[in-house]
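The feature domain 'ABC transmembrane type-1' is assigned by TrEMBL to B:74-258. Taken from TrEMBL, the feature transmembrane segment applies to B:25-44, B:86-106, B:118-137, B:143-163, B:207-229, B:235-261.
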Amino acid sequence: MGFLVVDRVSHTYFTEKTAVTALENISFTVEKGEFVSFLGPSGCGKTTLLSIIAALIKPTKGTVFVEGKTLDCARASAGYMLQQDYLFPWKTIEENILLGLKIMGTLTETTKKRALDLLDYIGLKGVETHYPSQLSGGMRQRAALVRTLATNPKMLLLDEPFSALDHQTKLKLEELVWQTLKDYEKTALLVTHDIGEAIAMSDRIFLFSTKPGKIVRTFIVPDELRRLSPFAARQHPQFSALFQSIWKELDQLETNK
Amino acid sequence: MKQTNEQIHSFHQQYIASRKKEKRLIRFFQLAIFVSFFSLWEVASRQHWVDPLLFSSPSAIWDLFVQKLADNSLVTHTFITLLETLLGFIIGTVAGACFGALLWWFPRLAKTLDPYLVVFNAMPKVALGPILIVALGPGFTSIIAMGVIISVIVTTIVVYSAFQEVDANYLKVLKTFGATRYQCFKEAVLPSSFPTIISTLKVNVGLSWVGVITGEFLVSKLGLGYMIIYGFQVFNFSLVLMSLLVIALLSTVMYQAVSIIEKKLMKHR
């Protein structure tokens, strides 16, 4: 059995007037240490899927297993990173990165030191006493990554974490996140609508159709690209070949609607 | 290069000088309005352009002020009013914030109480004055109750809506760590609503003065409100105006104190 098993998950949002099905019959397995991307147009339920895996919402149908256990038992096993950093502006960077540990009641000298070491690793040494407003967008998103990793989650859920950044910062951060996840051997799920980002970072790509969200195709990223860091992968000839085929597939999805 | 640096420096000096000049000019006009208002008042009263019995004059008010200060009655009345206002302000604000938190904590309670809050908020609270005096007795307690009742409902409503407007993504961050409702409140809801709570403090300074002065009008025993209503009844308008000026001064001081607290709390936003 895989590290993460999503078994026939469907989710419908109810309001008094409508019932909108966001996800329909999603099943897949992710191995430990694997990097998987969900690619698709907006409104295909990608964020809903991440919220279900993060145990924030309960799916209408289906089950999610982490290391063979259902989600209720494995609560808060995932670290979640949002589109924006959502650092708390009234807390210092140190207070922000220790927030998860504090909430989970696992803040000790050891875990605190680990979080501060992580801050150092990610290149933010010396900003502990700063407030988020004193940092640039890229630095803030890096601090948010430290906050997510500080609790040592089993897997990382990335919900378009680079979409609010300028292109150069985004490329640098992709590189940094990729390297960090490889160093700490984390399983990661990335939601994105950027084809290039999905290819550059992941091992496998699930292509989603919209309304309702369904997995229409799975792309396996070739070994040559997987071994390369995101920036190097973008330069590889195989990259544009895969880009083209995903592009065509997405285009077809749009026209078939 | 050195020359341009010097140039920039001199431009900067010019800029600073022009800002200083602007500030001095504003101060001068503010002072000019103050001085000319009171001198015009004094002259108008002495020349009988206005009836000095009704509008008094700055010098008459000053004489009365010195006299009342000497016989200690002003201090007693001011002290009692200030105490009532501070208590009304603090109780009203704290109770309002607590009610707001209670409504946030129990959404069903909030939905149930919604129409009642709307009615209470719309109603002129000073109209409850006579009932309060009957219920709590004509004195200190019912005057404070006036100060409280006038600010508590609006504080509840404003604080509750601030709690609701907290960016859901901050709560999402906390919930991914498995935060309880209390942790969400303590870490995100309360601190992010601080700016709103502070701005209700500013509104409540004014409201509690209204409540307390009206209460003193009704009870008519002690305080600056009593001095105003007494002065009105015996046609001593110097007394009325003097009390007014003392109130204006004190409420300004209170407002400034809240502003200083605001600056301290808002340092990092």
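Just so you know, glycine gets a Cβ as well, placed from its N, Cα and C.
Keep in mind that TrEMBL annotations are predicted by a computer and have not been checked by a curator.
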Under 8 Å between C-beta atoms and at least six residues away from its ends: which parts of the chain pack against the transmembrane segment (B:86-106)?
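Same-chain contacts beyond the ends: 113, 143-160, 162-164, 181, 185, 189-190, 197, 200-201, 204-205, 207-208, 211-212, 254.
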State, in range form, which of B:25-44, B:118-137, B:143-163, B:235-261 has the highest count of Cβ pairs under 8 Å to the transmembrane segment (B:207-229).
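Selected stretch: B:143-163, with the most Cβ pairs under 8 Å.
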Using a Cβ cut-off of under 8 Å, list the residues of the same chain at least 6 residues beyond the transmembrane segment (B:118-137) that approach it.
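Cβ under 8 Å, 6 or more out: 145-146, 149-150, 153-154, 157, 210-211, 214-215, 218-219.
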